[in-house]
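Enquirer: Features from TrEMBL:
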DOMAIN    5-183  domain '3-hydroxyacyl-CoA dehydrogenase NAD binding'
BINDING   Gly10, Ala11, Gly12, Gln13, Met14, Gly15, Asp33, Glu92, Lys97, Ser119, Asn143, Lys274  NAD(+) binding site
SITE      His140  site 'Important for catalytic activity'
DOMAIN    187-282  domain '3-hydroxyacyl-CoA dehydrogenase C-terminal'
Amino acid sequence: MEIRTVGVVGAGQMGNGIAHVFALAGYEVTLTDVSAEALEKARTLIERNLDRQQSKGAISAEDKEAALARISTTETLTDLGPCDLIIEAATEREAVKTAIFEELVPHLAEHTILTSNTSSISITRLASRTDRPEKFMGFHFMNPVPVMQLVELIRGIATDQPSFDACLAVVEKLGKTAATAEDFPAFIVNRILMPMINEAIYTLYEGVGSVRAIDTSLKLGANHPMGPLELADFIGLDTCLAIMNVLHDGLADTKYRPCPLLTKYVEAGWLGRKTGRGFYDYRGETPVPTR
Ligand SMILES: CC(=O)CC(=O)SCCNC(=O)CCNC(=O)[C@H](O)C(C)(C)COP(=O)(O)OP(=O)(O)OC[C@H]1O[C@@H](n2cnc3c(N)ncnc32)[C@H](O)[C@@H]1OP(=O)(O)O
Ligand SMILES: NC(=O)C1=CN([C@@H]2O[C@H](COP(=O)(O)OP(=O)(O)OC[C@H]3O[C@@H](n4cnc5c(N)ncnc54)[C@H](OP(=O)(O)O)[C@@H]3O)[C@@H](O)[C@H]2O)C=CC1
């Protein structure tokens, strides 16, 4: 089945990037969020990121206008029902995601493939809360979506081959590369990346190095484009903590214990770039380390 219309749930940093790349690839996109403000902010960000691509010569002015015209927004989740493909990209909390699926299910077209951009949560368990576990899978983009080449595709225990093949064809049409992961906590990328970030936070917590020293070490000593603390702020510390908790609970190994300092930052509401403060303070001209 060819996918033409795509619904995106959640207009945060991932949702806006997902809407952006689908619209640029020619899909009709409907973006939804619980807040009208988030939808407005997403549209502004998409326009700014398209401008950035246009100024670099990666796309033309017509491409940009056509992409923007393909994106519609709605605060009514059930408007997404008839879409060929739905990608849920709301907050990394299982209860939030299952509530979305339970509200959506009675309104879905029979052929709709339902997917989640979750970073870590069991696809099989999310699928079991819908009427279509065979047409449900993980469709995991990386941040920033317009820049990162990879999409992880995750089959739940019941996902059928036609749904998987349809999603794989979509990844190819987006010009991205798929990696297939089995449905275990945090899949491939975050199984490896997030313990490294958590270890960087332990390194800070134990006083081995400052924020600046840790990030400089990995940038200049291991050629990472961002230091691990800068990257944690970029991803969102709430999302990092949620992923560590899924690894810790799902694999029952103390090596995945979230660093207490990560928990403290999240408790303070210092979630990184999106709230203006995390391991760096972003409220001034340039980011300032907080430790
Ligand atoms: C948590 C999960 O579940 C999974 C994850 O996503 S884990 C996170 C994965 N992501 C990463 O690891 C990102 C690591 N960081 C990087 O790769 C880089 O720092 C970065 C690409 C984000 C920025 O790169 P940079 O060189 O510092 O900045 P900048 O020069 O502004 O951007 C690089 C390019 O990306 C483009 N770009 C950056 N953000 C963009 C956006 N949101 N939209 C469109 N284009 C964008 C820039 O225009 C620029 O394009 P050119 O190469 O054509 O010049
Ligand atoms: N950040 C990252 O680097 C990556 C994140 N992901 C995954 O993508 C998903 C989204 O993450 P991210 O974009 O960073 O998170 P954000 O916090 O930036 O955005 C989440 C958005 O979802 C909205 N939302 C919450 N509940 C609902 C609901 N019931 N219906 C519709 N929208 C809702 C939030 O609104 P409000 O703010 O009002 O609550 C917010 O606008 C998560 O599953 C995350 O794990 C995947 C890859 C990378």
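Any Cβ shown, glycine's included, is placed from N, Cα and C.
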Enquirer: What's the CA-CA gap between Lys97 (NAD(+) binding site) and His140 (site 'Important for catalytic activity') in angstrom, rounded?
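Expert: Cα to Cα, Lys97 (NAD(+) binding site) and His140 (site 'Important for catalytic activity') are separated by 14 Å.
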Enquirer: Going by DSSP assignments with H, G and I as helix and E and B as strand, what are the residue counts for the domain '3-hydroxyacyl-CoA dehydrogenase C-terminal' (187-282)?
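Expert: Looking at the domain '3-hydroxyacyl-CoA dehydrogenase C-terminal' (187-282) with DSSP, the answer is 67 helix, 4 strand, 25 coil.
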Enquirer: Would you work out the biggest C-alpha to C-alpha distance among Gly10, Ala11, Gly12, Gln13, Met14, Gly15, Asp33, Glu92, Lys97, Ser119, Asn143, Lys274, the residues that bind NAD(+) according to the record, and give it in angstrom as a whole number?
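Expert: Taking every pair of listed residues, the largest Cα separation comes to 20 Å.
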Enquirer: Based on a Cβ-to-ligand 1 distance below 6 Å, what subset of the binding-site residues Gly10, Lys97, Asn143 would you report?
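Expert: Passing the 6 Å Cβ check against ligand 1: Asn143.
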Enquirer: Among Gly10, Gly12, the binding-site residues in question, whose Cβ has the most other Cβ atoms within 10 Å in this structure?
Expert: Gly10
Enquirer: Ranking the recorded positions Lys97, His140 by other Cβ atoms within 10 Å, which is at the bottom?
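Expert: Among the recorded positions Lys97, His140, the lowest count of other Cβ atoms within 10 Å belongs to Lys97.
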Enquirer: Name the secondary structure element type, per DSSP in three states, that contains Lys97 (NAD(+) binding site).
Expert: helix
Enquirer: Taking DSSP three-state, what's His140 (site 'Important for catalytic activity') in: helix, strand or coil?
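Expert: SS state of His140 (site 'Important for catalytic activity') = strand.
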Enquirer: Using a 10 Å radius around its CB, how many other CB atoms surround Asn143 (NAD(+) binding site)?
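Expert: Here the count is 16.
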Enquirer: Need the DSSP three-state call for Gly12 (NAD(+) binding site) to compare against my parser.
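Expert: Its secondary structure by DSSP: coil.
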Enquirer: Restricting to the chain of Asp33 (NAD(+) binding site) and a gap of 6 or more, list residues whose Cβ falls under 8 Å of its Cβ, or answer none.
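Expert: Asp33 (NAD(+) binding site) has long-range Cβ partners Val9, Gly10, Ala11, Gly12, Gly15, Leu39, Ala42, Thr73, Glu75.
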